[in-house]
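Q: TrEMBL feature annotations, pasted as is:
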- 55, 56, 105, 136, 139, 264, 265: carbamoyl phosphate binding site (BINDING)
- 83, 169, 223: L-aspartate binding site (BINDING)
- 2-149: domain 'Aspartate/ornithine carbamoyltransferase carbamoyl-P binding' (DOMAIN)
- 156-302: domain 'Aspartate/ornithine carbamoyltransferase Asp/Orn-binding' (DOMAIN)
Ligand code: CP
């Protein structure tokens, strides 16, 4: 594996190998005071974020540092991007400066794929840390790691992805990965927040959350992406919350074992009630924690996996 751009077409065996590595890393580092492995010493990882991020950016930086890679953070505001330099020239500059891996978040769908094309033949790999409404593959991997940890298996589980599917790269990456791993996925959203062509996705679709709840093994609440709704928000925030918010009444309709996920950042009180988000059956903090180990595993497979296997 040289790049991680998408979960669409990701071999389930390869995804499982990443999840297994993440699990081993988590168990290896558990309880250690110094959480540092020498595996990626001498490797250089550059994060390049053209959109805001807390979880993804910090966990990639922590992951790189715990693997002993040199991690350099470039932000659009503090770099020559602010002087008008193109994404292509920025990427080629970072590669020429010694980046082994560029981790990119960009508002344009397809940006990570383009970057990988421009860097072909340079030896620099690319990880998609979220491109527009397209994909967020490491989020799906950390969600799968969390579900596996909580439920034991993913195959055969019924998982609802609820809310603003239209604008959600998290939803797209999770649909590809979870169905490839054998889960049954149901998308629950108002018709206005579903993409055209959803009928051809390997999922079922519902506009009504309540009847779905008793049969679910997990419910993944999505962030409402107001920044991508240039024409306004329909239904209104209040209507959305009434119809699709995971409130305490709905939470109580879920089976005892069901897990609640949210990729964050979350709008408490609108997408999810505070009492639900803070319940021990919600795995939202665990998702962030697993994000570090999953991203360590991704760095390992991209930068050291083949070398170790050779
Ligand atoms: N889930 C997620 O991508 O969060 P950030 O935007 O904070 O990275």
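Glycine residues also receive a Cβ, built from the backbone N, Cα and C atoms like all the rest.
For each listed feature, how buried is it and what is near it?
A: Cβ-based neighbour count (10 Å, all protein chains) for residue 265 (carbamoyl phosphate binding site) stands at 12.
Residue 83 (L-aspartate binding site) falls within a helical segment according to DSSP.
Per-residue confidence over the domain 'Aspartate/ornithine carbamoyltransferase Asp/Orn-binding' (156-302) averages out at a pLDDT of 94.
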Q: Taking the residues 83, 169, 223, which the record names as binding L-aspartate, find the longest CA to CA distance and state it in Å to the nearest whole number.
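A: Result: 32 Å between the two most distant Cα atoms.
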Q: If you check the binding-site residues 55, 56, 83, 105, 264 one by one, which have a CB less than 6 Å away from any atom of ligand 1?
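A: Cβ under 6 Å from ligand 1: 55, 56, 264.
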Q: Quick one: of the binding-site residues 56, 136, 139, 265, which has its CA closest to the CA of residue 83 (L-aspartate binding site)?
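A: For residue 83 (L-aspartate binding site), the spatially nearest of the binding-site residues is 56.
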Q: Distance between residue 105 (carbamoyl phosphate binding site) and residue 169 (L-aspartate binding site) at the Cα atoms, whole Å?
A: 12
Q: Helix, strand or coil: which one is residue 264 (carbamoyl phosphate binding site) in, per DSSP?
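A: It is coil.
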